[in-house]
Amino acid sequence: MSKQTLILLYGGRSAEREVSVLSAESVMRAVDYTKFFVKTYFISQTGQFIKTQEFSSRPTLTERLMTNDTIRLEQQIRPSDIYEEGAVVFPVLHGPMGEDGSIQGFLEVLKMPYVGTNILSSSVAMDKITTKRVLESAGIPQVAYTVYIEGQDLDRCLAETEAVLSYPVFVKPANMGSSVGISKAESEEELRAAILLALTYDSRILIEQGVLAREIEVGLLGNTDVKSTLPGEVVKNVDFYDYQAKYIDNEITMAIPAAIDESAMTSMRTYAETAFKAIGACGLSRCDFFLGQDGQIYLNELNTMPGFTQWSMYPLLWEHMGLSYAELIEELVRLAQEMFEKREGHLI
């Protein structure tokens with residue numbers, strides 16, 4: 001039986017490109033090489049597509065994917081050169097130009113099956129402000145928030161925020177993930193600085209009420225028949241779960257399943273599945289919840305391309321459900337092929 005070609009796209013133009021490389025390296029090591037032949041393409045920070053490595057068997061522990069430090073100019077290709085009939089693309093890309101609908105649209109133009117959510121759903125989920133408005137319409141509870149758009153009167157925004165929220169608040173670029181550009185503010189001075197920092201990443205800024213809460217996450221897998229995992233908990237050794245804590249300092253651990261009551265578990269899984277359907281997602285997603293000290297549940301974020309390293313919450317949640325990392329990748333490829341056939345059928 002011939003092997004299925006799996007194309008990994010990694011790197012990318014966003015500030016989350018380092019996470020992308022870590023995720024792609026984990027995938028290339030976990031793949032069942034009796035079933036898959038893996039080709040890899042690096043997208044540089046300036047948007048060039050670079051043909052990197054191919055793997056017909058599991059790479060050695062010391063082998064790394066090529067990145068900015070090791071690529072050669074002659075390896076650059078036209079983006080459309082990644083096309084290969086019958087191949088499935090796994091865009092292991094995070095943040096803008098990765099999970100915002102851009103690469104998804106490109107792959108649909110090429111008529112290639114790809115892992116993950118479609119153009120519209122990716123675009124909606126990438127923008128935290130738009131996501132909140134969609135989830136509000138679906139009746140899913142969220143923390144109170146205000147919005148600042150670049151060019152608006154900043155002093156007025158500060159006054160309006162202080163009128164409806166209380167410190168501390170969290171300031172987030174609308175279009176970034178992995179906690180990039182997010183700050184905690186406990187005064188007007190800190191809020192102003194946090195907004196200015198967030199503006200270096202995006203022109204749309206979300207300001208959320210801080211809550212004393214546990215951080216609980218639920219994994220989602222499927223197309224129209226979405227399934228959810230038991231919730232897992234992010235156990236922090238730091239005050240704020242930022243990019244540094246997540247990926248560099250390793251100052252977090254995970255409890256799977258989370259030590260919460262059955263009622264909260266059921267509610268979170270229901271909210272997660274409802275959110276997945278509300279944005280029209282497919283393939284995979286991860287819903288991040290806050291569980292307040294009063295038992296109140298808030299859906300904080302819906303991530304359509306969650307971190308996919310071997311130590312990331314998403315694959316660990318499914319491993320607890322009995323689906324190994326390699327089996328998870330295989331199922332995502334199957335779901336990608338299923339959605340591709342459905343999309344193509346709709347065009348006939």
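Glycine is treated like the rest: Cβ placed from N, Cα and C.
Pulled from Swiss-Prot:
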type	residues	note
DOMAIN	132-334	domain 'ATP-grasp'
BINDING	162-217	ATP binding site
BINDING	ASP288, GLU301	Mg(2+) 1 binding site
BINDING	GLU301, ASN303	Mg(2+) 2 binding site
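Here the features listed in Swiss-Prot are placed on the structure.
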| residue | record | Cβ neighbours (10 Å) |
| --- | --- | --- |
| GLU162 | ATP binding site | 15 |
| VAL169 | ATP binding site | 24 |
| SER183 | ATP binding site | 19 |
| GLU190 | ATP binding site | 16 |
| LEU197 | ATP binding site | 15 |
| ARG204 | ATP binding site | 18 |
| VAL211 | ATP binding site | 17 |
| ASP288 | Mg(2+) 1 binding site | 19 |
| GLU301 | Mg(2+) 1 binding site | 20 |
| ASN303 | Mg(2+) 2 binding site | 22 |
If you average per-residue pLDDT over the domain 'ATP-grasp' (132-334), what number do you get? 92
Cα of GLU162 (ATP binding site) to Cα of GLU301 (Mg(2+) 1 binding site): how many Å, rounded? 23
Starting from ASN303 (Mg(2+) 2 binding site), work out which of the binding-site residues listed here (SER183, GLU190, LEU197, VAL211) have their Cα within 10 Å, and give them in sequence order. none
Which of the binding-site residues VAL169, GLU190, LEU197, VAL211 has its Cα closest in space to the Cα of ASP288 (Mg(2+) 1 binding site)? VAL211
If I take the alpha carbons of SER183 (ATP binding site) and GLU301 (Mg(2+) 1 binding site), what is the distance between them in whole Å? 16
Quick one: pull the CA-CA distance for LEU197 (ATP binding site) versus GLU301 (Mg(2+) 1 binding site), whole Å only. 20
For VAL211 (ATP binding site), name the DSSP secondary structure in the helix/strand/coil scheme. coil
